[in-house]
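**Student:** Handing you this structure, nothing more for now.
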Amino acid sequence: MLCRVGQIRRCAASLSQTINQVAASRQKHTLPDLTYDYGALEPHISAEIMQLHHSKHHATYVNNLNVTEEKYHEALAKGDVTAQVALQPALRFNGGGHINHTIFWTNLSPNGGGEPQGELMEAIKRDFGSYQKMKEKISAATVAVQGSGWGWLGYDKESGRLRIAACANQDPLQGTTGLIPLLGIDVWEHAYYLQYKNVRPDYVKAIWNVINWENVSERLQTAKK
């Protein structure tokens, strides 16, 4: 009997060690580097905003996501469903924050602005009538977000069409609507308040001057595969 107990203890210790090794080997999320300087989007988005937004706010989402995932894996290993459920809001918030901002930085460029070209422009004309109409609709949806959130241009893979959507807080577009994100506009106050105060429409109007349409086009191509 004592021999059997010893075997059980050794198995439990071995399992615990394996779980710890797996957890330790998991690749942690990291803050992505920007391909441009913090001041590169001026005068439309100030260097101060970009620095705080990227190095502080996005970094916080990344750090909190890593901590939450660690707790979630521990709960999985223990079979603690209650803890897993309790961690879902933090995973959604911080995971969404990381996903959304990672897209956002690439959607912007100091060489951006103007109008999209090629297949993207054709899709915009087909689904909205014109670029100007699309711009007006996504701007209106984005400005109308209550509290904090995002305005999105997404791709509906089922219908093969472009759609406009708004998401609250840091809810990720694809995870909550099924639409594949192409272009996101962050309207959390930390994205604009230092420069535009509470005049969100001015910020949304200005951001079109730095939209990286090449990136949006690449995302559409990838989404269609």
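All residue numbers here begin at 1 and follow the chain in the order shown.
Placed from the backbone N, Cα and C atoms, the Cβ positions cover glycine too.
Unlike curated entries, TrEMBL annotations are predicted automatically.
In case it's useful when we look at the structure, here is the feature table from TrEMBL:
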DOMAIN    28-109  domain 'Manganese/iron superoxide dismutase N-terminal'
BINDING   His53, His101, Asp186, His190  Mn(2+) binding site
DOMAIN    116-219  domain 'Manganese/iron superoxide dismutase C-terminal'
**Student:** DSSP helix, strand and coil counts for the domain 'Manganese/iron superoxide dismutase N-terminal' (28-109)?
**Tutor:** 63 helix, 1 strand, 18 coil
**Student:** Select the most exposed residue of His53, His101, His190, where exposure means the fewest other Cβ atoms within 10 Å, treating these as the binding-site residues.
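**Tutor:** Comparing Cβ neighbour counts within 10 Å for the binding-site residues His53, His101, His190 gives His190.
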**Student:** Residues other than His53, His101, Asp186, His190 within 8 Å, Cβ to Cβ centroid, of the Mn(2+) site?
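**Tutor:** Everything else in range on the chain: His54, His57, His58, Phe104, Trp188, Ala191.
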**Student:** Do any residues at least six apart in sequence from Asp186 (Mn(2+) binding site), in the same chain, have a Cβ closer than 8 Å to its Cβ, and if so which, in order?
**Tutor:** His53, Asn100, His101, Phe104, Trp150
**Student:** Could you tell me how many residues in the domain 'Manganese/iron superoxide dismutase C-terminal' (116-219) are helical, how many are strand and how many are coil under DSSP?
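**Tutor:** Within the domain 'Manganese/iron superoxide dismutase C-terminal' (116-219) the tally stands at 54 helix, 24 strand, 26 coil.
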**Student:** Within the domain 'Manganese/iron superoxide dismutase C-terminal' (116-219) only, compute the mean pLDDT.
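**Tutor:** The predicted confidence over the domain 'Manganese/iron superoxide dismutase C-terminal' (116-219), as a mean pLDDT, is 98.
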